[in-house]
Amino acid sequence: MTETRISRWYFGGIASCAAACCTHPLDLIKVHLQTQQEVKMRMTGMAMQVVRSDGVLALYNGLSASLCRQMTYSMTRFAIYETVRDKISSQNQGPMPFYQKILLAAFGGLTGGFIGTPADMVNVSCVCKFCCLKTGFFFFFTEGIRKLFSGASMAAGRGAMVTVGQLSCYDQAKQLVLGTGLMTDNIFTHFVASFIAGGCATVLCQPMDVVKTRLMNSKGEYRGVIHCLSDTGKLGPKAFYKGLVPAGIRLIPHTVLTFIFLEQLRLYFGIRVVTST
């Protein structure tokens, strides 16, 4: 008889919130860089401007909205992916094929991205306008629920891409690393696999992340996704990768921390599963 532990459906949301508390300043700077109409500042310059203008604590503007986003977007995608993956794996008595992980991650990311759009839109507004969660109520009462779902298609698409990069690539990287026999299922293995997943997610989602942020922060100047894409494209191909370095600096540590927290939650508080050998 062997005993293993699997994650509870809400562990992904908790782990993502813990990671967001550590990486929120990087996320704030990334959004500022992406919403520049022209490339005027780099990462360090933007951070210094924020600190000079509003103080060090301004780097945590919008943290409450960021946590709300993790508890909707991230909890949904992790719950879908891990619940279905564990069920299929138990039925097949082995890990899912990589293509099935990609499809499942894409579905979970699409669903989570759509559900998390209101919190995501408020998060971007809080970061750019230095306001708080009351922004969400302001949008709801003054502009209706449609404003809260502004850019939902881009948010869902971006959610699918980043979830494919994070969850499916993490699972596959961890499986391959353990398959070498050189490492065991420990925190170093989790670090290596999550670092690879963070890099994959950054490259996959950055173009959509830039367009999504522009849409959510727009004041009616874009007629839709295609218009935003074409307008961004006029600035050149590099415009779609504006803020790539700060995005990677933020997303890779966030991914690493999320999976390290998740694996620790699973190890100490996960559901016990006993199988016969």
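Cβ from N, Cα, C; glycine included.
Among the features that TrEMBL reports, repeat 'Solcar' is placed at 3-87 (among others). For the repeat 'Solcar' (3-87), the model gives a mean pLDDT of 85.
Summarising the annotation, TrEMBL assigns repeat 'Solcar' to 100-176 (among others).
Counted with DSSP, the repeat 'Solcar' (185-268) comes out as 69 helix, 0 strand, 15 coil. Per TrEMBL, the feature repeat 'Solcar' maps to 185-268 (among others).
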Legend entry - Helix-strand-coil residue split for the repeat 'Solcar' (3-87), DSSP-based: 66 helix, 4 strand, 15 coil
